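**Student:** First the structure, then my questions, so here it is.
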Ligand SMILES: [Zn+2]
């Protein structure tokens with residue numbers, strides 16, 4: 001959480017709107033209704049998963065659906081056991097709609113799924129650089145780029161003029 005503005009009004013609003021139906025780990029992307037629903041079933045109650053879902057709440061998509069993802073990962077379609085996830089992976093998001101805030105593809109992102117996502121033990125996502133194969137889907141906390149993107153989206157860059165003490 002280093003560097004994350006816990007006291008940002010946006011983050012407090014998100015937490016106030018936290019609401020659990022205890023079915024799965026999921027959230028809408030960005031604010032949709034008056035009350036944002038975040039599903040956190042028992043098996044989702046670890047730090048990484050909660051931060052991942054709250055990062056959806058504040059407006060971020062999965063890293064592996066970026067338009068440039070095929071340069072960094074290979075999707076192994078035949079190994080998916082979930083049609084729903086396959087569908088999600090097919091839809092490579094439109095860059096105009098989902099800003100990447102001028103950050104390059106992030107294999108360390110908390111918003112990146114791991115190698116075995118929806119594969120029932122088989123690899124569904126292969127990092128093109130094998131060094132990253134066990135890094136994708138780290139699930140522990142924000143990467144440096146995750147934090148930079150949050151700061152950019154909410155205009156809380158440390159070097160913005162109002163943060164400078166003269
Ligand atoms: Zn997610």
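Just so it is clear, glycine is given a Cβ too, placed from its N, Cα and C backbone atoms.
What TrEMBL says about a protein is an automatic prediction, not a curated fact.
Source: prediction; values computed, not measured.
Annotations for this protein, taken from TrEMBL, read as follows:
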DOMAIN    1-157  domain 'Peptidase M12A'
BINDING   52, 56, 62  Zn(2+) binding site
ACT_SITE  53  active site
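I would like each feature placed in context: is it buried or exposed, what are its neighbours, and how far apart are things?
**Tutor:** Following the DSSP three-state reduction, the secondary structure of residue 56 (Zn(2+) binding site) is helix. Long-range Cβ contacts of residue 56 (Zn(2+) binding site) within its own chain (separation 6+, distance under 8 Å): 26, 27, 28, 29, 30, 38, 111.
Cβ neighbours of residue 53 (active site) (same chain, under 8 Å, six or more residues apart in sequence): 25, 26, 27, 38, 39, 40, 44.
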**Student:** So around the Zn(2+) site, 52, 56, 62 aside, which residues have their CB within 8 A of the centroid of those CB atoms?
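**Tutor:** Apart from the listed residues, the neighbours are 27, 29, 53, 55, 60, 61, 110, 111.
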**Student:** Identify, in sequence order, the residues in the chain of residue 52 (Zn(2+) binding site) that are 6 or more apart from it along the sequence and have a CB within less than 8 Å of its CB; answer 'none' if there are none.
**Tutor:** 25, 110, 111, 139
**Student:** Note down the number of other Cβ atoms within 10 Å of the Cβ of residue 62 (Zn(2+) binding site), including every protein chain shown.
**Tutor:** 20
**Student:** Across the domain 'Peptidase M12A' (1-157), what does the mean pLDDT come to, as a whole number?
**Tutor:** 81
